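Q: According to Swiss-Prot, the O-palmitoleoyl serine annotation covers 1. According to Swiss-Prot, the feature disulfide bond maps to 69-109, 85-102. Among the features that Swiss-Prot reports, N-linked glycosylation site is placed at 72.
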(Lines of atoms letter the chains of each structure in order from A and count residues from 1; the text may use other names and numbers.)
(Lines give C-alpha, C1' and ligand atoms only; values in the text may rest on other atoms or scores of the structure.)
Protein backbone atom coordinates (compact mmCIF):
# COMPACT_ATOMS: atom_id res chain seq x y z
CA UNK A 1 0.00 0.00 0.00
CA UNK A 2 1.16 3.51 -0.64
CA UNK A 3 0.11 6.99 0.21
CA UNK A 4 -0.37 9.88 -2.13
CA UNK A 5 -0.55 13.54 -1.34
CA UNK A 6 -1.13 16.44 -3.66
CA UNK A 7 -0.11 19.99 -2.94
CA UNK A 8 -1.51 22.85 -4.92
CA UNK A 9 -0.09 26.33 -4.57
CA UNK A 10 -1.38 29.57 -6.02
CA UNK A 11 -0.96 33.28 -5.64
CA UNK A 12 -3.92 35.34 -4.57
CA UNK A 13 -4.34 39.09 -4.70
CA UNK A 14 -5.01 40.97 -1.49
CA UNK A 15 -8.23 42.84 -0.85
CA UNK A 16 -8.81 45.61 -3.39
CA UNK A 17 -9.22 48.36 -0.78
CA UNK A 18 -5.97 47.43 0.97
CA UNK A 19 -4.02 47.40 -2.30
CA UNK A 20 -5.65 50.68 -3.36
CA UNK A 21 -4.71 52.37 -0.08
CA UNK A 22 -1.11 51.13 -0.36
CA UNK A 23 -0.87 52.47 -3.93
CA UNK A 24 -2.37 55.82 -2.88
CA UNK A 25 0.25 56.19 -0.15
CA UNK A 26 3.04 55.36 -2.60
CA UNK A 27 1.58 57.82 -5.12
CA UNK A 28 1.55 60.59 -2.50
CA UNK A 29 5.24 60.01 -1.75
CA UNK A 30 6.33 59.40 -5.35
CA UNK A 31 9.70 60.83 -6.36
CA UNK A 32 10.30 63.03 -9.42
CA UNK A 33 13.48 61.65 -10.99
CA UNK A 34 16.05 62.22 -13.71
CA UNK A 35 17.33 59.28 -15.75
CA UNK A 36 21.13 59.53 -15.85
CA UNK A 37 23.40 56.80 -17.24
CA UNK A 38 20.88 54.04 -16.57
CA UNK A 39 20.05 55.18 -13.02
CA UNK A 40 17.22 57.20 -11.53
CA UNK A 41 18.19 60.16 -9.33
CA UNK A 42 15.81 62.47 -7.44
CA UNK A 43 15.24 65.70 -9.39
CA UNK A 44 14.58 67.74 -6.27
CA UNK A 45 16.41 67.17 -3.01
CA UNK A 46 13.89 66.24 -0.33
CA UNK A 47 14.93 63.76 2.31
CA UNK A 48 17.21 61.90 -0.11
CA UNK A 49 20.69 62.84 -1.22
CA UNK A 50 20.57 63.85 -4.90
CA UNK A 51 23.67 61.73 -5.56
CA UNK A 52 21.98 58.62 -4.18
CA UNK A 53 19.91 56.58 -6.69
CA UNK A 54 16.21 56.17 -6.01
CA UNK A 55 15.36 53.00 -4.12
CA UNK A 56 13.75 50.19 -6.15
CA UNK A 57 10.76 50.22 -3.81
CA UNK A 58 10.04 53.93 -4.45
CA UNK A 59 7.36 54.95 -6.91
CA UNK A 60 9.11 57.24 -9.39
CA UNK A 61 8.02 59.48 -12.27
CA UNK A 62 10.01 61.27 -14.97
CA UNK A 63 7.80 64.31 -15.57
CA UNK A 64 4.98 66.11 -13.82
CA UNK A 65 1.42 65.32 -14.85
CA UNK A 66 -0.29 67.94 -16.99
CA UNK A 67 -2.84 70.23 -15.37
CA UNK A 68 -6.12 68.69 -16.50
CA UNK A 69 -8.01 71.71 -15.13
CA UNK A 70 -6.66 73.81 -18.04
CA UNK A 71 -7.43 73.45 -21.73
CA UNK A 72 -4.48 71.72 -23.43
CA UNK A 73 -5.22 70.60 -26.99
CA UNK A 74 -1.72 69.09 -27.34
CA UNK A 75 -2.61 66.31 -24.89
CA UNK A 76 -6.36 66.36 -25.53
CA UNK A 77 -7.33 67.83 -22.14
CA UNK A 78 -10.51 69.89 -22.48
CA UNK A 79 -10.20 71.51 -19.06
CA UNK A 80 -13.04 71.90 -16.60
CA UNK A 81 -14.26 75.45 -17.27
CA UNK A 82 -17.89 75.29 -18.44
CA UNK A 83 -18.23 71.53 -18.00
CA UNK A 84 -21.38 70.01 -16.51
CA UNK A 85 -21.28 68.10 -13.28
CA UNK A 86 -22.67 64.59 -13.48
CA UNK A 87 -25.99 64.30 -11.64
CA UNK A 88 -28.71 61.68 -11.47
CA UNK A 89 -32.27 62.42 -12.57
CA UNK A 90 -33.88 62.07 -9.17
CA UNK A 91 -32.76 62.53 -5.58
CA UNK A 92 -32.71 58.76 -4.95
CA UNK A 93 -30.70 58.12 -8.12
CA UNK A 94 -27.63 60.20 -7.21
CA UNK A 95 -24.68 58.00 -6.31
CA UNK A 96 -21.86 59.19 -4.05
CA UNK A 97 -19.63 59.41 -7.16
CA UNK A 98 -22.18 61.68 -8.87
CA UNK A 99 -22.65 63.81 -5.76
CA UNK A 100 -18.92 64.53 -5.65
CA UNK A 101 -18.54 65.24 -9.38
CA UNK A 102 -18.83 69.02 -8.97
CA UNK A 103 -16.05 68.99 -6.40
CA UNK A 104 -13.84 66.93 -8.70
CA UNK A 105 -14.54 69.06 -11.77
CA UNK A 106 -14.79 72.54 -10.33
CA UNK A 107 -13.70 73.29 -6.80
CA UNK A 108 -10.58 71.12 -6.98
CA UNK A 109 -9.53 73.26 -9.97
CA UNK A 110 -10.24 76.55 -8.18
CA UNK A 111 -13.53 77.17 -9.96
CA UNK A 112 -16.95 77.91 -8.53
CA UNK A 113 -20.14 75.97 -9.18
CA UNK A 114 -23.10 77.60 -10.93
CA UNK A 115 -26.37 75.79 -10.34
CA UNK A 116 -28.96 75.83 -13.10
CA UNK A 117 -32.30 74.10 -13.37
CA UNK A 118 -33.57 73.12 -16.80
CA UNK A 119 -37.16 72.05 -17.39
CA UNK A 120 -37.68 69.99 -20.52
CA UNK A 121 -41.19 69.56 -21.92
CA UNK A 122 -41.83 66.96 -24.54
CA UNK A 123 -44.80 65.37 -26.20
CA UNK A 124 -45.20 61.70 -25.40
CA UNK A 125 -47.91 61.13 -28.07
CA UNK A 126 -50.16 59.62 -25.43
CA UNK A 127 -53.66 58.44 -26.41
CA UNK A 128 -56.52 58.25 -23.96
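Positions of Cβ are set from backbone N, Cα and C atoms, glycine also.
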Q: Would you say which of the disulfide-bonded residues 85, 102, 109 has the most Cβ atoms within 10 Å of its own Cβ?
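A: That would be 102, with the most Cβ atoms nearby.
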Q: Determine, to the nearest whole angstrom, how far the Cα atom of residue 102 (disulfide bond) is from the Cα atom of residue 69 (disulfide bond).
A: 13
Q: Check the recorded positions 69, 72 for other C-beta atoms within 10 angstroms of each C-beta and report the one with the most.
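A: Comparing the recorded positions 69, 72, the most crowded Cβ belongs to 69.
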Q: Where residue 109 (disulfide bond) and residue 85 (disulfide bond) are concerned, what is their Cα separation in Å, rounded?
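A: If we compare the Cα positions of residue 109 (disulfide bond) and residue 85 (disulfide bond), the gap is 13 Å.
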Q: Give the helix, strand or coil assignment DSSP yields for residue 72 (N-linked glycosylation site).
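A: Note: residue 72 (N-linked glycosylation site) is in a strand by DSSP.
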Q: Where does residue 109 (disulfide bond) sit in DSSP terms: helix, strand, or coil?
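A: The three-state answer is helix.
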